[in-house]
Amino acid sequence: KEGYMVNKSTGCSYSCPKTGESVYCDKECKAKNQGGSYGFCQYSNCWCEGLPESTPTWPLDDKPCD
């Protein structure tokens with residue numbers, strides 16, 4: 001699974017400053033609570049690949065970004 005990482009508390013995606021390689025996005029994507037394999041910055045948001053199907057991605061159906 002792939003998609004934009006989402007903060008489950010706020011419903012907002014993880015933001016990043018510049019499209020391309022991102023140490024921050026890669027680290028967050030690979031964190032235990034996300035479980036992804038590779039993350040990078042795409043359109044000012046962190047995109048994550050290799051996510052388990054159980055990991056939610058943005059947008060959340062039941063929680064719009066505040």
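Any Cβ shown, glycine's included, is placed from N, Cα and C.
Remember, it's a predicted structure, so these values are computed and weren't measured experimentally.
Listed in sequence order, V6, W58, C65, D66 are the same-chain residues at least 6 apart in sequence whose CB falls under 8 Å from the CB of C12 (disulfide bond). According to Swiss-Prot, the feature disulfide bond maps to C12-C65 (among others).
Cβ neighbours of C16 (disulfide bond) (same chain, under 8 Å, six or more residues apart in sequence): S22, Y24, C25, C41, S44, N45, C46. C16 (disulfide bond) falls outside any helix or strand according to DSSP and counts as coil. The disulfide bond annotation in Swiss-Prot covers C16-C41 (among others) and rests on sequence analysis.
All protein chains considered, the CB of C46 (disulfide bond) has 26 other CB atoms within 10 Å. Feature annotation from Swiss-Prot assigns disulfide bond to C25-C46 (among others); the stated evidence is sequence analysis.
What Swiss-Prot lists as disulfide bond is C29-C48 (among others), and the listing cites sequence analysis. The C-beta environment of C48 (disulfide bond), restricted to residues of the same chain at least 6 apart in sequence and closer than 8 Å, consists of E2, G3, Y4, M5, C25, E28, C29, Q34, G36, Y38, G39, T57. The secondary structure of C48 (disulfide bond), as reduced to three states from DSSP, is extended strand.
Summarising the annotation, Swiss-Prot assigns domain 'LCN-type CS-alpha/beta' to 1-66.
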Between the disulfide-bonded residues C41, C65, where is the Cβ count within 10 Å the lowest?
C65
On the DSSP side of things, how many residues of the domain 'LCN-type CS-alpha/beta' (1-66) fall into helix, strand and coil, could you say?
8 helix, 22 strand, 36 coil
What is the number of other Cβ atoms found within 10 Å of the Cβ of C29 (disulfide bond)?
25
Is it possible to get the count of other C-beta atoms within 10 angstroms of the C-beta of C25 (disulfide bond)?
25
